[in-house]
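**Student:** So TrEMBL lists these for the protein:
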DOMAIN    112-474  domain 'Arm-like repeat'
DOMAIN    582-671  domain 'NACHT'
REPEAT    1128-1169  repeat 'WD'
REPEAT    1198-1230  repeat 'WD'
REPEAT    1231-1272  repeat 'WD'
REPEAT    1273-1314  repeat 'WD'
REPEAT    1315-1356  repeat 'WD'
REPEAT    1399-1440  repeat 'WD'
REPEAT    1441-1482  repeat 'WD'
REPEAT    1482-1523  repeat 'WD'
REPEAT    1524-1565  repeat 'WD'
REPEAT    1566-1602  repeat 'WD'
REPEAT    1653-1694  repeat 'WD'
REPEAT    1696-1737  repeat 'WD'
Amino acid sequence: MKRVVKKPNAGNSDAEEILRDGFARAYLMHSKLLADLGYSAQAQISHKRAEKWGGLSIKIEAYFPPSTPWNLPALDERLTDTPQLVSCLSLLRALPLPDDALEPSVRKWVQEIENNSDEIERLERLGCNLILYFSREEFKDEKTVAEVLCLAPVLNNNDFRHLLSHFFKCIDQSSLLDFSSLTGLAQLIQSASPGYLTSDDLVKVLGRISTHLQETHEQSPNYIFQLAVALSHVLDAMADTEVTGLDRINLHEPLSAFLNDLQKSSDPHLVYQAAYAYQALQWVPDDETPWQATVRRATKVMKGISGLVSAANGLDLHGLLRSLVNIQEGLDFAVETFKAVQNAYVRANILSTSGQSFVECLKQGLSFERKCAWYLALRGADTLIQGGELAKFRVLVCEATCRYDPAFQWGICERLGKLAADSQWDTKSRQSAVLFLGEIYKHDAVWGQHVQIKQYILDILLQLSSSSRSHLQVAATLLQDLKKDGDATKQELYRNCVKEGPSRYALKACLPELANPSLLDRVQNKPDVEADLRRLARDRSKKRGSPVYIPPQAKASIQASDNSLFDLTEKVNEFLDSPRKVLLLLGDSGVGKSTFNRELEHNLWKAYKKKDGRIPLFISLPEIDRPEKELIVKKLRKLEFSESQIRVLKDSREFILICDGYDETQQTHNLYDSNHLNDEGEWKAQMIISCRTEYVGLDYRYRFQPGDRNQSSELALFQEAVISPFSNAQIKDYIKTYVDLKAPLWEAKDYQEVFDRIPSLQELVKNPFLLSLSLEVLPRVIDPEKILSSTKFTRVTLYDEFVAQWLERNKKRLSENAMSRQEKKAFESLSDEGFTLNGMTYLKELSIAIYEKQGGNPVVEYLKTRDEGTWKDRFFGREDEKQILRDACPLSRSGSQFRFVHRSILEYGMSRAIYEPQERAIVELEPKAEVKRRGSVSSVYSFELEGAIEEVPVNIVQGPDLNSPLAKRNFVRETSILQFLEDRVQQEPAFRDQLIAYIENSKTDKRWRLAAANAATILVRAGVHFIGTDLKDIKIPGADLSHGVFDSAQLQGADLRKVQLRSTWLRKADLSTARMDGVRFGELPLLQEDSQVYVCIYSPDGETFAIGLEDGTISLYDTSKWKKIHTLKGHAKTVDSIVFSPTCEQIASCGFDPTVRLWDVKTGQLLHALGGPTGGTESLLFYPTSNRGDFDVEKFGSVVYSPTGKQIASGGWDKAIRLWDTQTGQLCHTFSGHDNRVTSMAYSPTGERIVSGSKDGTVRLWDANTGQLIYTLDRHTNEVLCVAYSFNGTQIASGSLDRTVNLWDAQSGQHLHTLGGHARDVSGVMYSPSGEQIASRSKDRKLRLWNAYTGQLLHTLEGHTNNITSMTYSPTGTQIASSSWDKSVRLWDTQTGHLQNTFDGHTYCVVSVAYSRDGDQIASGGLDKKVRLWDAQAGQSHHTFDGHTDAVLELAYSLTSDQVASRGVDKTVRLWNVRTGQLCHTLGHANNTTSMAYSPSGEQIVCGDWDKTVKVWDARTGHNIHTFEGHDQVVVSVAFSPIGEQIVSGSWDETVRLWDAETGKLHHTLSGHTDRIMCVAYSPNGKQIASGGWDNTVRLWDAQTGAPGFIFDGHTDCVEYIVFSPSGREIASRGLDKTVRLWDTQTGQLCHTLCAYPEDDSDVLVIMYSPSGDQIAIGTRTGVVRLWNTQTGQLQTILDDGHTDGIECMEYLPTGEWIASGSMDGTLRLWDVASGQCLVIMSGFCGSVTGVKWRVSSDGCFLATSCHDKSVRLWKVTEEGKQMEMIWNSAQSTFNVSNTSIQDVQGLSEVNKELLRQRGAVGKPSPCFPTASEKADNVAFTVNTFSMPNMPLPRDTKEIEAMTMTEAQTPATPAPGQMQTICEQRASYV
């Protein structure tokens, strides 16, 4: 030792060299420490001593980080190559940088660019575009891959991921492995920045490489080597990112097996790569290994590879070396591993003298099944190299404990070779790497004598020396020096290696030269598009002009409330700033969709930012041929963008697509999906697409929302808005703007005055387009001086006037233009024949042609060279007359495309072609003085004509015509055309007669079928009733008779195939022998049970339906025929929870007994009875909710299958959740945590979680495997009754006693929405199968359907007459079934919900109805805030009074019937002129009014108010005459004395006050009541006043003196109503004690107490005296009417054979012989007073009958009814009260077939037969053998296609056309060309 120390350079033994090497390293470490402390001189001395000791022949200072070529471009200068771009981007990514860190030239460049955002943007866009160009390259060679990989270190995350995705796609989709892409993928992963790679990325790549590895049979070693290298890089990255849980079966084990097999290779390169990859794999734990726990215990091993080598520049070398030691120590617990590693080291030393091969060394000394430190050391070396820390790299190599390991040495040589070959490093560093390789080769004593290591070094040097680059000549020099190194054996090894030459495994470190031209060159050669975009913006702005624009309001969906409006512009801007992709803009025709779209485009162009701004692109979809493909390309081509510009825009820009007129193209495609928007390599865009509401139909969202509609993430990309009609304020703003811009004849106040005076216009002008038409035409057709209240305007009237004026104006314009001689002659010819008439003919014929030839697409493209001689030439040719008419008609032109100025003009033209209201003779008038405009010349409609024409109407009879469009095209779904025709029917009796004639003709001639179907549809929509009409043998297949009235109609033998009969009134109609194949009633039959229904559910396959009943039984139905197949008996009490197993083979049930029972669905046998929790699995708590006597049920538990069907979860009274095994019935787990009863549970779709609800008010989320509580969701304010998981597992819904539904995010537990609306507690919630919809049921007897993503209410389903106990969606989601205590199960259509009314009637419940004094009129008011007046004979609505802002509660006619007063919840009483329909006065109150009464003269109205006052109003002027103040509490009842001189008021202040009606003076204050007063009334003679109240008494008072009279004391609860008998000798009082008491007003005695019988202990709701006063009728809440003799107090008659719910209203016939009663059960009954016999039962009311009024005249007895179903109906009672004939129906919304004959009807499905039978139809229809489609309909009743207007015809509609158009027609023979025309027509329909 001393000799060695004294002679540091002496001696060559192995021991001496090792010792000297140790001294050298010690001095080196000492030198670094001194340098760190600032002692540079001492550090230099120590460093020289290290060199003196040898062993460190390479100077560490020679290593430098990779050089960066700072060849930076000037601003806006073209870049020379991609490395230059990399330099720029690397500096940008590093900003800000300290000045002293940069060279002066670089610092200057940085300072210039920091403040130039455009230049920064340019450089970043170049990098992004280079990636895009690369991804589009079809063939990618090595140079192209190398160029894009230059960018990898400076890419942002998005671009990196895009490139990663593309590389993966290349290797994933190619059948032959693309080595360039594979190498690129490996290098990209290697160069990834922290956080850029995710576990999923790496696992996906690993899986694909693994697949390729399994397919390497007979592949070349190079192929396998490349895969192994890529595999190593991926596994390195997975180790760095700490990926865990790798699939052991599919990935970990196959890879391990392959790598083990690979070690058998004799190729050391392959063996090393296998060893390296295997070591990397050991650091990626599989999903079933105990190593994760072991590594957590062995804290010295590592926290993860990324922790060891995380920061390159800041890496603590000494810490790294200590870590390697600690790793080895940390593995001491794995004794075998430690021994294996140490044995490897020992054998390596032995081999240093023996020369055993490297391959054998690995095989014998190193097991593949152990983790080894050399892998971690190499990972540390990689990090140091990447960070440029080559000095530290040297120390690591020399001091690592595993430096003797041959695998470590191979890896180091590989890295040194790549470093030397890498041109990014400086020359000295590369040369030093070569010398380091030489040192390892020479110093056997230090590095050993591994033969393959020596060979590998020589191979590297041979490759380096063969390079043509001069700075690598050091490799050739070294190679020559090594020729004589070592003994003979080593020299022989050298000679053999040189002779064989370089191996096939190239270093691949030096990037190849870039392609010419490079990707960057191609990116920079892109054409400029900004100039053309600026041109486009200017053109669009010019085309826009200066329109009249008022910002529209909108709501969130079609079903959203009209009270939830928002500013559409703000909402669209929010959409554009969001990640959502599609906004659907819906609205009625003319509501302003196109106007808004153009304004939006204009504003977006104004805000457009060049180069990076999103480009607004307005696309009129009808102008684009096949817009479902290349939509943007086709539009840009029309805008004259070049192909190269289009490519640039596609590659580099984003768009905002404003797609207008989806409905006009007759589209059904999803334009977003079919154009692949935002897919990789496709156009980037957000889409705003507009469409008419009536076109989209029901389930429309799938045609607009992006991607998979069942994925919630993609549903979130979709949004919709529905434009609302104008409000009054918007109308005023529009008028003002119009007047300011157009300067018409009228001022704004003139227009507003006319609108106020013409009630029929007020509703029309809420439509913006109709408003614009009105402003144009009114000055021509209205004389403001005339009385306008009777003027009737309809939609078609406005269009008639508008088109006529347009033609007349343009005639004048053309006459003033310069014309050629031929043009003038053509113009004169047209004028002589009638210019307007010719223009109208042109418009009609063009409309017909567009529908026939183009299927209604409004845009006609005409090119003379292409279209000459075609139908287009007839309208757009160059003949003079054609050009004149074209110029005169309301057409617009854009290039070669023509279209009407608005689509509705096209539809108007078609309607005019169907029926021409009058032929007109043209007569010239004497010239008049020209009327000047007020200054603007912008409008061509704002002046009177000189020489105007007068059209003298000549009535022309128009009969049925087989050439009419009605006979050629099905218009059932053409809503807008039908609307024009409806108006025409109401205006033109001749048109109605013509339509009826079409129907009549169809009885005997099949050719009229289509025309008859159209005619019937139009007549029904127009409100024509077919009451008692002879319609035998009519043929109207495919007609839509929805909401039609066919009471007592004769329809025997009618062809009604495919007819829509939704909500059609067919009471007593005769349908015998009719053909009704495929008819749609819009409803399904009920399932009747003998016991109350508590639960119902579909099986998952939809084939079985289960019902749980109160009597403990379960009924199973086969849904194909809805027949009961099993009755399951076993439960001792009510069954209220049933679930099917996922396989549909089992059901589990539970109820009020403490068991859960499992049943076999096929056999109906009981499989297991599972004991439930203490107290029962389900429990009931009954408590009264009101004095009506009904009860609620609280459900405290549930049972549910797991998704696999192997488990059942149940919960109940003991607050616990239990899991059961379905096969054995054994209890598996019990979860505890709730503080009260568990009421409901649901599994997540994966079965990994369970959600539960409880009476403790919480929703809890549990881990189904461990029972661990994940979240407690606490939002409800009361008990949680129900919970549900969405089918995709992303949402949870919960319902509660607090009457709300809460929606939660299932992953985060975040609260999403609160859904409010139910009037009582929510007892059930359920998601639809698609997850888009949520259904909730409540004890308010209603179901509500909600949008699951927005929380919007979609539908409210009403119909059950008792509590709803359960609900279930059908598997298709098109149906929902609900069960109820009313012993029924109802099936609902989830798309339509409750039916919409199409007539001009109430849109919500009617609560009040009143006859005028003369009986000619009926007034109705309701919850729709409207008052409507009806002609009592015809049923037509005269006026609709729209003014109340809340429900109308009470109506009263004045004495003269010329005025009607309405009292509303909005705190007003409004007075309306019956004749004009105008609002006369609004009697405003500061608070709600409580009562109202007319004076006997009708001149005054008195109201009681919540503000404690009594107000008297002049009924004529609306002035407040008096306000009586004095009461201290609410005034609840008021009345005029019979002669009108006095007013009485009763108040909660316990006083009655008498007021002078003329002076307002208080006459008397009547005190005596000891509690609140509820009612007051005058006696018929006015001498007495009666009052009643909460003190349970009725008191009489002298009306003149105020003196108290008798006190009637007997009620035991509040007196809420009193009424005098007609004679005034008696008073009847109704109390809350459920009695009616009769009092003698002369003696004060109680005459009689009329109380309910014990069996009917219910409230009294209605009392009424008979006209003679000798009888009083009492209606109760149970539906019983009792008639009492007022003289004897005896019960005369009980009218109890009928009503099943409370009595709402009653009225005696004025003669007293009959009494009519209306009930909450939806029936009207007519009773004979004398016998008590029910004469007539009128069912079919959809809701409570709220009012009945009699009128007797010389024409007979008439009864008016009002109902909650929005209807007012008038009936005529005939044949001694035994028949009731409907006279009219204001709004038909109820399906009624009571007493309808269906004898021998053909084609009815079994389901429809059952429906008709249940609804009261009589007779036996013919047997029907259902088709396959009808069987499907039985399972899931789908929405009728006819309810989807303007949709392309579905299958059944094509069948209808076959019925109507193709049957043999004898004796007629098609004329020449007619058959072709028919074919063209058919094609246009399809």
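Even glycines carry a Cβ here, placed using N, Cα and C.
Those TrEMBL annotations? Automatic predictions, nothing curated.
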**Student:** Count up the helix, strand and coil residues in the repeat 'WD' (1696-1737) according to DSSP, in that order.
**Tutor:** 0 helix, 21 strand, 21 coil
**Student:** Using DSSP, how many residues in the repeat 'WD' (1198-1230) fall into helix, strand and coil?
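**Tutor:** Tallied per class, the repeat 'WD' (1198-1230) gives 0 helix, 18 strand, 15 coil.
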**Student:** When the repeat 'WD' (1566-1602) is classified with DSSP, how many of its residues are helical, how many are strand and how many are coil?
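**Tutor:** Output for the repeat 'WD' (1566-1602) reads 0 helix, 20 strand, 17 coil.
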**Student:** Just to be sure I understand, if DSSP states are collapsed into helix, strand and coil, how many residues of the repeat 'WD' (1128-1169) fall in each?
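**Tutor:** Per DSSP, the residues of the repeat 'WD' (1128-1169) fall into 0 helix, 23 strand, 19 coil.
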**Student:** What are the DSSP helix, strand and coil residue counts for the repeat 'WD' (1273-1314)?
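**Tutor:** Grouping H, G, I as helix and E, B as strand yields 0 helix, 23 strand, 19 coil.
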**Student:** Do any residues of this chain, six or more beyond the ends of the repeat 'WD' (1231-1272), have a C-beta under 8 angstroms from a C-beta of it, and if so which?
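**Tutor:** Distant contacts of the repeat 'WD' (1231-1272): 1179, 1194-1204, 1207, 1209-1213, 1215-1219, 1278-1285, 1287-1289, 1292, 1294, 1296, 1302, 1304, 1306, 1309.
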**Student:** In terms of Cβ proximity under 8 Å, which residues at least six beyond the ends of the repeat 'WD' (1524-1565) contact it?
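**Tutor:** Sequence-remote neighbours of the repeat 'WD' (1524-1565) are 1490-1497, 1500, 1502-1506, 1508-1512, 1571-1578, 1580-1582, 1585, 1587, 1589, 1591, 1595, 1597, 1599, 1601-1602.
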**Student:** Over the domain 'NACHT' (582-671), what is the model's average pLDDT?
**Tutor:** 89
